Amino acid sequence: MNEKTKLIIKNLNYTVSANFIVLLIYAILYLIIPKFLDLENYGLWQLYVLYSGYVGFFHFGWLDGIYLKLAGKEYDDVNKKELGTQFWYFLLFQSLIVLFLICLISIFIKNENFILILVLTAISLIIVNCKQFVLFILQSTNRIKEYATLSRTDRYLYIVILFIYLLNFDSFLGVIVLDIISKFIMMLWGLYVIQDILFSPREPFKKIFPVIISNIRVGSNLMFSNIASLLITGITRIFVEKVWDIKTFGQLSLILSISNMFLTFINAIGVVMFPMLRKMRRSQLPSVYLNLRNIFVPISYLALIVYPAVKIILKFWLPQYAESLIYMGILFPIIIFEGRMSLLIMTYLKTIRKERIILISNLIGLLMAIILTSISTFILKSLPVTVLSLLICIMSRCIFSEIQLTRILKINITIDIIVEVSLVSVFIISNYYFSTFIAFFLYLIFLTIYIVYKKGNIVKALQFSRRMMKY
């Protein structure tokens, strides 16, 4: 086994183990918090989670530009003076934005709970984005061990102090404050890790300003596409809160959180793949993509088998959410399409610098979400249709972007897409109309047929992966 292969396996081990632990932590969080908080407080906490997910918009692509430019470089080869100077201007920029947002909130928002949530979201903005500055540098320069540690440790800290808090209190406010404190502590640790960058000699503003503008220009497509991607689910959640109430919003948010929880594990592999793909020859990319796809997609469909167990556990542990669990059968396949989008499609499009396709795909998904969710909430007032609309939007975005990518790579997967959508349809229909037991066996039958159909491709993909590891 050569040194390159050893490094890839080592990095995969760091990220997968880190994210597996994070997966367990999120599982505990999603089971503990709704158990201790009532439906209203849980809904308010989820509102903070929703809003804080958009704080990345306020770096306007600056960090994404740094990430794209550094990808594939070694840490010792980066321009530390330039990066260090950018950080201090970035910190000033984010501080001014936070002050401006707090002023707007105090003037225009009247609801006390909403004021608290929005002010705390604004405070988290500067912490999250400064931490993201560090994470992007570590990830793009292949310092995966430090990246993994920084990604997961704030959740360790959070879950310990949160558990102590929940034994004595039951308010959403404390849950949010503890989240911010744990992130702040880890932000400080992250800044310590790259202190050689932060305390390098400063570049003059006249020299660094064009670099900042260039980073924003390069990263804006990726940043806007990320925000559009978040808004696909965000719009649905906001509309549900407006048409129904904060309790229904909380129930839907729990189901989405459980589906998204599995994505943290899938995303771990993408962290390692991006720098690795950037170092590959362009001619290698099509065959690598096809073989990665033939491994990942069957695994993602196998993952749906855990759905009955998850449903039974939630029904027993959180009986107050029982009526919303029927929608989980519709939303659970999100892990297939979001996982493929994150792990394969977006990673590849970023590698070949086609961020614009990512942006267009996400904007199409967002436009569909606005139209379909408006109809299902404001006109039909149907929660099942709303949930199904969300899945359709996410699935359509994934398929559209993959078609664009495969055209560039000159490979054809049309039949595969048709078969895969059919298998998802079987899963949704069986879980919506039949009992959990019958639905499980129906899906298992069709899944077995699919695995037999793909057996040859899966075997070839595994053999290809083994050959790649030798070189």
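Glycine residues also receive a Cβ, built from the backbone N, Cα and C atoms like all the rest.
Per TrEMBL, the feature transmembrane segment maps to 12-33 (among others).
The transmembrane segment feature in TrEMBL is assigned to 45-67 (among others).
Among the features that TrEMBL reports, transmembrane segment is placed at 87-109 (among others).
The transmembrane segment annotation in TrEMBL covers 115-136 (among others).
Only residues 6 or more beyond the boundaries of the transmembrane segment (156-178), in the same chain, are considered here, and those with a CB under 8 A from a CB of the stretch are 25, 28-29, 32-33, 36-38, 41-42, 44-45, 48, 116-117, 120, 185-186. Per TrEMBL, transmembrane segment is recorded for 156-178 (among others).
Remote same-chain residues near the transmembrane segment (222-240) are listed as 46, 50, 53-54, 56-57, 59-61, 63-64, 67-68, 248-249, 252-253, 256, 350, 355, 358-359, 361-363, 365-366, 369-370, 373-374, 377-378, 383, 386-387, 389-390, 393-394, 397 (criterion: CB distance under 8 Å, separation of at least six residues from the stretch ends). Per TrEMBL, the feature transmembrane segment maps to 222-240 (among others).
TrEMBL lists 252-274 (among others) with the feature transmembrane segment.
Positions annotated as transmembrane segment by TrEMBL: 295-318 (among others).
Residues or ranges marked as transmembrane segment in TrEMBL: 357-376 (among others).
Annotated transmembrane segment per TrEMBL: 382-400 (among others), in sequence order.
The transmembrane segment annotation in TrEMBL covers 412-430 (among others).
Sequence-distant contacts of the transmembrane segment (436-453) (same chain, six or more residues past either end, CB-CB distance under 8 Å): 298, 301-302, 304-305, 307-308, 311-312, 329, 419, 423, 426-427, 430. Among the features that TrEMBL reports, transmembrane segment is placed at 436-453 (among others).
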Open item on the list: Under 8 angstroms for C-beta pairs, at least 3 of them, ignoring pairs fewer than 6 apart in sequence. Is the transmembrane segment (45-67) in contact with the transmembrane segment (115-136) by that rule?
Closed with: yes
